[in-house]
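Down below is the structure, laid out as structure tokens.
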Amino acid sequence: MDTKKYISLVAALLFLEISSPVEACSCLPFVLQNSVCNANAVLQGKFLEPSQKPGSSPTDVEKGYKVHIDKVLKGNQTLISVTFIKSMSGTSCEYHHDRSGFNVEYLFTASDNNGDLTVSSCSYIKRWSEMSSKEILGVEGAYLKGCNCKVVPCSSQPCSSEPRTCTLEQYEGGDGENQRKNQVCVPSKGPRCIWKTIE
């Protein structure tokens with residue numbers, strides 16, 4: 001092979017290797033009811049500051065945040081005493097808490113592994129003050145009544161109508177905002193699920 005062609009080929013391969021995108025974190029659409037149903041821990045509390053603790057080996061360090069849990073909305077009630085939560089540091093799904101959001105009340109979903117909590121960029125995390133009164137009733141119990149159903153976002157019509165689903169109407173003229181903030185998707189007759197206003 002010609003030397004110039006060989007060098008060009010090697011350079012092209014190196015460029016492709018360097019420019020290959022890092023695998024992104026893949027999350028499901030952020031729908032509060034789905035997030036509450038899918039998580040094994042739903043919590044109300046505060047992120048206090050970045051922190052770390054020893055990992056499984058002497059050279060290992062687990063990064064995350066000091067937290068104060070005010071209420072366990074779903075999960076083992078012993079989680080109320082947890083003071084550290086891992087953030088999947090060093091992965092594409094690492095969670096970075098808003099610097100202006102320390103010591104502020106949040107709702108957040110987490111993964112609980114025998115009292116070892118983890119949040120990621122796929123966790124549902126929202127300031128408590130930004131939640132509607134119906135959303136608060138939802139996380140306090142109403143959403144759990146709809147865990148046999150699934151909310152499916154739809155941004156353009158026609159939307160699919162699979163069994164045991166409710167369509168979240170995100171298209172222009174749809175009722176998506178009201179559905180998100182005020183309603184719960186619950187089982188109806190047969191394999192159907194329907195939207196109902198949270199009471």
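Placement of Cβ uses the backbone N, Cα and C atoms for every residue, glycine included.
Quick caveat, the model's predicted, so the values are computed rather than measured.
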Whichever of Cys122, Cys147, Cys185 is disulfide-bonded to Cys166 when TrEMBL is consulted: Cys185
According to TrEMBL, the disulfide-paired cysteine of Cys193 among Cys122, Cys147, Cys149: Cys149
Under 8 Å by Cβ from Cys193 (disulfide bond), same chain, sequence gap 6 or more: Gly146, Asn148, Cys149, Lys150, Arg164, Thr165, Cys166, Cys185, Val186, Pro187
Sequence-distant neighbours of Cys147 (disulfide bond) in its chain (C-beta under 8 A, six or more apart): Val36, Cys37
Inter-residue C-alpha distance, Cys122 (disulfide bond) and Cys93 (disulfide bond) (nearest angstrom): 7
